[in-house]
Amino acid sequence: REMTNVTAVLEFRLLGFSSNSCCQILLFTLFLVIYILTILGNMIIISVVTLEPRLHSPMYKFLKNLSFLEVCYTTTIVPKMLANLLAERKTISFSGCMTQLYYFISLGATECYLLSVMAYDRFLAICEPLHYGVAMTAESYTCLSVGSWVTGVFTGFLPCLMVSRLHFCSYNLIDHFFCDISPLLKLSCSDTTVTEAVIFTLSLLVLSSCFLLTLVSYLLIILNILKIPSASGKRVTFSTCSSHLMVVVIYYGTMISMYVRPTYNLSSELNKAVSVLYTVVTPLLNPVIYSLRNKAFKKALGKVV
């Protein structure tokens with residue numbers, strides 16, 4: 001029987017990864033270890049920045065924001081994915097699917113805004129050090145942080161609303177490990193042309209603008225570093241910035257390849273592999289690259305421990 005009303009769909013079945021039980025147990029173990037390390041790493045950053053007064057500068061407060069965001073972002077996806085790897089019936093309710101989709105989009109957009117803000121903060125600190133104290137005050141930090149979160153929250157509303165209003169027929173198998181836009185659009189028996197166009201436009205605006213702002217900030221930082229006369233000073237500063245830039249390129253590269261396309265025609269296996277990068281791997285990389293390569297943070301961590 002064909003379901004003509006989206007509210008008639010009570011649940012979706014997530015196909016996830018391989019149906020081989022040994023492979024599922026291996027993936028469960030791998031993703032569980034990564035998830036635990038991600039939570040621990042980001043919680044350590046939040047704790048150290050909170051407890052150490054010398055890390056109460058905007059740079060480290062932004063880092064604390066990012067760490068909290070990563071905990072929320074990965075928790076939106078990974079626990080349900082882990083549960084389904086061990087479950088016989090890999091299901092998610094319709095309301096649960098739409099909720100997961102909303103938080104995934106909102107937190108992903110918030111991360112884009114925060115990465116841009118953090119790049120801007122580093123640009124001011126390295127390229128305009130004399131004006132940094134005036135430009136990046138406590139009020140400026142609060143406005144930029146709150147603005148990133150609020151804008152991210154509103155960014156998720158429209159795509160989620162449009163997807164939730166689509167009609168889903170009797171075939172309710174989602175060929176993915178979470179409720180993502182692409183497999184849901186493929187699953188719908190409605191005309192998704194308008195929905196795809198709106199989501200493509202919104203993705204293009206958010207991802208491309210944030211990526212360009214972040215990239216320009218880091219390029220200006222690198223150009224400024226090249227003017228430093230000391231070779232050791234160049235090496236230390238460039239090493240940190242290049243690491244940050246690497247994370248930014250990986251994150252935006254995968255996100256843009258997934259969402260800034262007018263049609264959603266990636267193969268399901270490639271779709272899943274790319275999704276694992278930005279939902280599981282990147283949240284683990286951020287605490288490592290943004291903090292453990294930072295001497296001031298490592299010193300503060302030693303003191304707190």
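Positions of Cβ are set from backbone N, Cα and C atoms, glycine also.
A TrEMBL annotation is a machine prediction, not a hand-curated record.
Residues annotated as transmembrane segment in TrEMBL: 25-50 (among others). For the transmembrane segment (25-50), same-chain residues at least 6 beyond its ends with a Cβ under 8 Å from one of its own Cβ atoms are 17-18, 56, 60-61, 63-64, 67-68, 70-71, 74-75, 78-79, 81-82, 85-86, 280-281, 283-284, 286-288, 290-291, 297, 300-301, 304.
Summarising the annotation, TrEMBL assigns domain 'G-protein coupled receptors family 1 profile' to 41-290.
Annotation source TrEMBL lists transmembrane segment at 101-120 (among others).
Non-local neighbours of the transmembrane segment (141-164) in the same chain are 6, 58, 61-62, 65, 98, 101-114, 117, 120-121, 181, 184-185, 194-195, 198-199, 202, 206; each lies 6+ residues outside the stretch with a CB under 8 Å from one of its CB atoms. Sequence annotations record features per position, and here TrEMBL assigns transmembrane segment to 141-164 (among others).
Per TrEMBL, the feature transmembrane segment maps to 197-223 (among others).
Feature annotation from TrEMBL assigns transmembrane segment to 235-253 (among others).
TrEMBL lists 273-292 (among others) with the feature transmembrane segment.
In this model, the domain 'G-protein coupled receptors family 1 profile' (41-290) carries an average pLDDT of 85.
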